[in-house]
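Copied from Swiss-Prot, the annotated features are:
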type	residues	note
BINDING	Thr57, Asp131, Glu156, Lys186, Asp190	substrate binding site
MOD_RES	Ser2	N-acetylserine
MOD_RES	Ser183	phosphoserine
MOD_RES	Lys186	N6-(2-hydroxyisobutyryl)lysine
MOD_RES	Tyr193	phosphotyrosine
REGION	183-350	region 'NAD binding'
Amino acid sequence: MSDKLPYKVADISLAAWGRKALDLAENEMPGLMHMREMYSASKPLKGARIAGCLHMTVETAVLIETLVALGAEVRWSSCNIFSTQDHAAAAIAKAGIPVYAWKGETDEEYLWCIEQTLYFKDGPLNMILDDGGDLTNLIHTKYPQLLSGIRGISEETTTGVHNLYKMMAKGILKVPAINVNDSVTKSKFDNLYGCRESLIDGIKRATDVMIAGKVAVVAGYGDVGKGCAQALRGFGARVIITEIDPINALQAAMEGYEVTTMDEACQEGNIFVTTTGCTDIILGQHFEQMKDDAIVCNIGHFDVEIDVKWLNENAVEKVNIKPQVDRYLLKNGRRIILLAEGRLVNLGCAMGHPSFVMSNSFTNQVLAQIELWTHPDKYPVGVHFLPKKLDEAVAEAHLGKLNVKLTKLTEKQAQYLGVSREGPFKPDHYRY
């Protein structure tokens, strides 16, 4: 089916702009450039037909071209209807790589785009690179006949990893998977430092609101929530956290944040950010108690955290201010400003995470694809992690760009600590 349409993007004439953006990003993505230097000659991904379902951004374009440089064939779709950067998609299409993504897809178009990535000229996909689990779920439910030919899955994000573990527990996961999200150089960098910058970018571009002096409510205090809370506090907001986990709640309290329930916080907040990866976080009962023109947004993967359906069914009026910014008039006379329709605000209203931090995440993705493709015997059906040594290698590949100088252990010190001078330096159970 995909032979009839080599790509589908919003505007192929944006390719030149996209290429310039890629050139800039490459200089900020030392990990991926290091992968090209190490593996372009040996082509460890030769024969791999990778179907990718991950936000079609400039940074993802650099990842795609890295996979191709390492020998893979690639077909791509975005994992969110609003996250595609159309100039990046155009640049990839112009380079001859099949991509099916544009900003503002309908749900039906979104599914169609994913389905275009399943068949290559030499046969169906044999590798999956996923973000959120939609591609993985589609193959397992609608195209199970393709499963036997798939060597592995690498999963990018917390939500997708939860999905893999749920599938494994139910006995329905049929393909080995690597949990990229919980590599230290992903979760402790992308989730934390990436969100710390891109959340504010999304809110500011959408509303131009003054954050200083406001009350911001952050639902969830995992790595994403921590980054969001730091950013909002840094801009002068008073931050309130909501949490279900006593450990995370205690962490938030020890950092000086007020921790309470959404039932209480909804009356205080001016800005609300959901980061939980769970459903039903902000409901109609909360909207009804919010202040006038409260800003509500989500930075978790799916649009299930905010009850947008309630707003659409119960608001007196909905006014679109500009793309991805809607103002709802409630029956009580107060207004709610909803960003990105409750989907990822940093990608719907801004450009997502900066290139440098995405280089960390995507270098892990490349290594995971190489591991699964070249060492299939090491990975039975299940959810696996990249070795600690590779995690450290990803970090080291990014140090030079920041002029970081590592201290080198002496042989005596290494023996004292019981580690190799070359690493890994921490046990697998170490919590960074």
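Cβ coordinates come from backbone N, Cα and C, glycine included.
Rounded to a whole number, the distance between the Cα atoms of Tyr193 (phosphotyrosine) and Lys186 (substrate binding site) is 10 Å. Using a 10 Å Cβ-Cβ cutoff, Tyr193 (phosphotyrosine) registers 20 neighbours. Same-chain residues at least 6 positions away in sequence with a Cβ under 8 Å from that of Thr57 (substrate binding site) are, in sequence order, Ser83, Thr84, Gln85, Ala88, Leu347, Met351, Gly352, Met358. For the region 'NAD binding' (183-350), the mean pLDDT of the prediction comes to 98. Ser183 (phosphoserine) sits 10 Å from Glu156 (substrate binding site), counting Cα to Cα. Reported as a whole number, the C-alpha separation between Glu156 (substrate binding site) and Tyr193 (phosphotyrosine) equals 16 Å. DSSP classifies Thr57 (substrate binding site) as coil under the three-state reduction.
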